[in-house]
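Feature annotations, reproduced from TrEMBL:
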- 144: active site, proton donor/acceptor (ACT_SITE)
- 172: active site, schiff-base intermediate with substrate (ACT_SITE)
- 56, 215: pyruvate binding site (BINDING)
């Protein structure tokens, strides 16, 4: 099963949002619609994995039971999607419980952050957390180096050691340094799949750094474009991949601005509204993701229109 995840990370690592109704409950019907939309438009088990209940899926705003419920719905599509459970938690036992549930119910892998409440400046904090997590399950593990959440950029020597753990088969590398991303691939790439954690923003340039694929939150509203970028990249046609990626610049420009104004919480709200605009279900954000103003929604609509998506 670990090999299944590692193989799947040679492609798109789609990061799914979690739609909520106005009363805050999980919109299972809407989520099914979103997953069907991705599959219909070319993001499926042939070229991708899909992460469920990760940071972009608002895992920090859900209970463990809710996260398992979201996973249950995604696993209904297990014949067409390679489902990876987001298992981020500050509590290693909760992370393990999520991963065991995922393993028992058919997910191909689990994504986990190293400790992130306080920055794990002592290497033992990261290594002990991940080693305990990995020893508790048999499915493949995708390590998530989220610098913004963790408060530090996981050093390459730690990545090197984690890559020796048998079922650690992937690294979602969100370092702000392209050089570091390349070094992670140089040092650990023979043992695990190093995925460009900045998505289409760094494509297809990240291919030259040795990454095996890229994450895509844009697959929620632009799956056809994400699939086309991957197809062009995988055949070595970087000019075509960049041309498709550049069509998404109006959205990317707005995402960069929103991130500067309100951090990733505001970007999630942006992403959810963009998903609504293309006919899927972004739904309502949960606190602390902000409710967008009418002016912000109008800006998003213009950006999505300028991308040629509506």
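Our numbering is plain: 1 for the first residue shown, then up by one each step along the chain.
The backbone N, Cα and C atoms fix where each Cβ goes, glycine too.
When the C-alpha distances from residue 144 (active site, proton donor/acceptor) to the recorded positions 56, 172, 215 are tabulated, the minimum falls on 172. Straight-line distance linking the Cα atoms of residue 56 (pyruvate binding site) and residue 172 (active site, schiff-base intermediate with substrate), rounded to a whole number, equals 14 Å. Here the CA atom of residue 215 (pyruvate binding site) lies 8 Å from the CA atom of the residue listed as 'active site, schiff-base intermediate with substrate'.
Residue 56 (pyruvate binding site) falls outside any helix or strand according to DSSP and counts as coil.
The Cβ of residue 215 (pyruvate binding site) has 12, 13, 14, 15, 51, 172, 195, 196, 197, 198, 199 as same-chain neighbours under 8 Å, each 6 or more residues away in sequence. Every protein chain shown contributes to the tally, and the Cβ of residue 56 (pyruvate binding site) ends up with 20 other Cβ atoms within 10 Å.
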